[in-house]
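Read the structure below first, then the notes.
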Amino acid sequence: MAEAARHPDDMKTPDELYRYLVDRVAGMESQNQELKEQIRQLESDKRYIETQKIRYEREVRKLKSEIEHLKTPPLIVGTITDIIDSGRVVVRSSAGPRFLVRVSQAVNPTTLKAGVRCTLNQQSLAIVEVLPSTYDSQVYGMELVDAPTETYEDIGGLEKQIMEIREAVELPMTRPDLFEKIGINPPKGVLLYGPPGTGKTLLAKAVAHETHAIFLHTVGSELVQKYIGEGARLVRELFDLAKEKAPSIVFIDEIDAIGASRTEAMTSGDREVQRTLMQLLAAMDGFEPRGDVKIIGATNRIDILDAALLRPGRFDRIIEIPLPDTEGRYSILKVHTRCMNLSEDVDLMEVARLTEGRNGAELNAICMEAGMFAIRKEHPQVDQEDFLTALNKFRCDFERDHRLTTAGVMFA
């Protein structure tokens, strides 16, 4: 190092000067390399800092935008009642009065329709946004998430009724060209009536399964609400949802809860039921006969239904679901026992003859009780004796026709 620090003038020989210069060049190259590494490190730090700066600037803009949104005054919710032209519409605000307002350029003119909800600016009442349609939570609850799995093979003894309901509901949805070729309008709705437990609901679910349609199931009593207009609104939203989800089937079970004959109402509750019925009649009149929405009603009391509900144009086809005869009961027993492990001595025809006046639900209960007796005896199969024992218990312990109970009653 001492030699390298000497001045070039002190060098006495060319060799010493050469070594001195070589050492100086090597030192300068090493120093140059270190400076290059420092420059690369500084450039890398600069790029990182610039990236962080861009990220923080973006975050600042996002927070400023959120603050501006929070400072924005709330909008008024209104309903479009009439469309004057693409830039002006008549709206009814949530407070009640109507206004002729302008439409923001950000709103798509094709979304402007009468009855659609929208948001209005507080100052100018201009339409800022068109809101999506919404329905009551009860209406959404009427839609079955899982499609019905029941098929026509699960129904026994109703071959004629199956044919009639397929003609009235299934064919218009799957083969509308047949009706167009003949030149007739298919039935708008089908009413199923008959004693309890004869398979009315099962038949409606089977139709929905075969047509691959959305199944909207409700009970008439669910449409009866406490406050004025609530029941009519539920009916209106139910049929609007059915049109939106088309092809769909609206099934109203126990329709006599809202469809009873109108009389001089003595209470506000009776008047509200009549308002709901009138909304139902208006909704049924609004359907296209060849549309993808069908309505099926079911009742045990057709004798008390209002005549306006039964007239052609609403429930065009009225199908009776009677108590099964011997052949029908035999078919029902075959359906209920197809998954049971039966012994060879089981005679379902004899069981069918012994169950005169029983409906499908009661026959299912008899099959279940026969299986329970086999389990009690720890038998691997259900024999004829189990069926006869179940039939005797069903007949003796619970007299359904007279509603009499005795000790050891069986509730099937």
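A Cβ is built for glycine as well, from the same backbone N, Cα and C atoms used for every other residue.
According to Swiss-Prot, the features are:
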- Gly197, Thr198, Gly199, Lys200, Thr201, Leu202, His336: ATP binding site (BINDING)
- 18-72: coiled coil (COILED)
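Mapped onto this structure are the features recorded in Swiss-Prot.
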residue	record	contacts (Cβ under 8 Å, 6+ apart)
Gly197	ATP binding site	Asn359, Gly360, Ala361, Glu362
Thr198	ATP binding site	Ile321, Pro322, Leu323, Pro324, Asn359, Gly360
Gly199	ATP binding site	Ile155, Leu158, Ile321, Gly360
Lys200	ATP binding site	Leu192, Tyr193, Gly194, Asp253, Ala298, Ile321
Thr201	ATP binding site	Phe251, Asp253, Ala298
Leu202	ATP binding site	Glu150, Asp154, Ile155, Gly360
His336	ATP binding site	Leu363, Asn364, Cys367
- For Thr198 (ATP binding site), the three-state class that DSSP assigns: coil
- Task: Can you check how the pLDDT averages out over the coiled coil (18-72)?
- Result: 87
